[in-house]
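Undergrad: Dumping what TrEMBL says about this protein:
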type: DOMAIN; residues: A:54-216; note: domain 'AAA+ ATPase'
type: BINDING; residues: A:Thr66, A:Gly67, A:Lys68, A:Ser69, A:Leu70, A:Tyr215, A:Arg227; note: ATP binding site
type: DOMAIN; residues: A:311-395; note: domain 'Cdc6 C-terminal'
Amino acid sequence: MSESESFFGDPDPIFADKELLRVSHLPEGDRIIGRDQELQKLANAIKDAQRGGTPNNVLIYGKTGTGKSLCSKYITRDLTQAAADNGIKVGVAYVDCFQESTETQTVRTIAQALNDPVQTDITVPHTGVSTSDYYRRLWDILDARLDVGLVILDEIDKLEDDNVLMQLSRAAEAGKVTESTLGVIGISNKIRYKDSLNERVKSSLSERDFVFPPYDANQLREILRSRADAFREGILDEDLIPKVAALAAKEHGDARKAIDILRYAGEIADEHGDDTVRVEYVDEAHDREEQARLSELIAKQPEHSKYLLQALSLQVQEAHDDNSAIPTKDVYSMYELVCERNGVDPLKMRRVRDLLSELAFLSLIEQERKGRGKGKGAHTVNQLVDEPEVVVEACKSA
DNA sequence: TCTCCACTGGAATCCAAGGCGG
DNA sequence: CCGCCTTGGATTCCAGTGGAGA
């Protein structure tokens, strides 16, 4: 790559089209690997929509990185086009229930995604109106500009209550919408999710359910090869893709992880000024991937949760024992210091306990209740799941 | 086995931000 | 513009818990 000197610097020596290595990159149909059956089943479930009929509601299960979101997005996009050829207007709303976990937020997001203010003359404000108002606007939007609305609820198990599912799945029969119809695609990591639903929602929501199995090493290898165009010709070490695929297959067959590791390996080669992406970079790339995933999760947390994580990390470091469990009270006093250092007012104890149990729910920390003996009552101790140094680093970058 | 009491966690309440109808 | 309503985060209040020490 040294022959093309330019005032604007050399072209990227490693990547030809890095976009291909973004996880959100939606490949063309022939490039979704090893999911032909699943795509066909999904298509069958919702195919009525392309003639304006009501699609079946679907629940999809599978571990992270098994292509659930990808296939849902792909198939709904395909359906929207096929329907448009029949003169049927299909709208797709994608909701990440991790981010929009309350009923109000979910309805609002759906309404915003399906709305076109110019066409419907309906506004969907960010705050200030009641939940039922959001519902009413959503129904109006559906009737006004669509024949079929498809709602993808990703990480559906993170929803706080299932009222929204009830409303969505029964919208048509309850006469909320008359000119249009509605289908729901729910995506869950937890295979037992269905058991937590009440009977009515369960029967209407999971008319069909599918399980996406983890990718095996062969499929992962193929997936990685299909994205190898992201790199310049011939710079990948021969054993690189098989090694990354084997690593990811061992860890739950997560394709997203595999792609991320491949990208990091490329970046490491770039930093070393190396013109080959060597197989030796894989371990470091793996570390980076784990750190990045943690940072991403921590970055999504509220400000004070980050301070709490920092406080807990500091105490664990002070204790010189990565597995030491810190009582909530001690975490709180350290947290007050962290807040002071950052120039913010600390939250009260009660609120902090809520945030801590939320962090425990996300498996960023572990909590255990302990007794303390006479006159001491019960209390909770908190433990970091990850290395304190890593957590502190993640909090800083977030 | 009983008791003690700090900590837990549910519930009520407050507050800020923001839309809506009059 | 004003009063009223909604949501969601934070605070306040308080009854209940639970396990080591007696």
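Placed from the backbone N, Cα and C atoms, the Cβ positions cover glycine too.
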Undergrad: Grab the pLDDT values for the domain 'AAA+ ATPase' (A:54-216) and give me their mean, rounded.
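TA: Per the prediction, mean pLDDT sits at 90 for the domain 'AAA+ ATPase' (A:54-216).
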Undergrad: Just report the maximum Cα pair distance in Å for the recorded ATP binders A:Thr66, A:Gly67, A:Lys68, A:Ser69, A:Leu70, A:Tyr215, A:Arg227, no decimals.
TA: 18
Undergrad: In the three-state scheme derived from DSSP, which category covers A:Arg227 (ATP binding site)?
TA: coil
Undergrad: According to DSSP, how is the domain 'Cdc6 C-terminal' (A:311-395) divided among helix, strand and coil residues?
TA: 45 helix, 16 strand, 24 coil
Undergrad: Excluding near sequence neighbours, so keeping only residues 6 or more apart in the same chain, what lies with its CB under 8 A of A:Gly67 (ATP binding site)?
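TA: Within the chain, A:Gly67 (ATP binding site) has Cβ neighbours under 8 Å at A:Ile32, A:Arg35, A:Glu38, A:Phe212, A:Tyr215, A:Ala255.
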Undergrad: Which residue, out of the binding-site residues A:Lys68, A:Arg227, shows the minimum number of other Cβ atoms inside 10 Å of its Cβ in this structure?
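TA: Ranked by other Cβ atoms within 10 Å, the binding-site residues A:Lys68, A:Arg227 bottom out at A:Arg227.
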Undergrad: Sort A:Ser69 (ATP binding site) into helix, strand or coil using the DSSP assignment.
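TA: For A:Ser69 (ATP binding site) - judged by DSSP and reduced to three states - the answer is helix.
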Undergrad: What three-state secondary structure does DSSP assign to A:Tyr215 (ATP binding site)?
TA: coil
Undergrad: When a 10 Å sphere is centred on the Cβ of A:Ser69 (ATP binding site), how many other Cβ atoms does it contain?
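TA: Looking across every protein chain shown, the total is 23.
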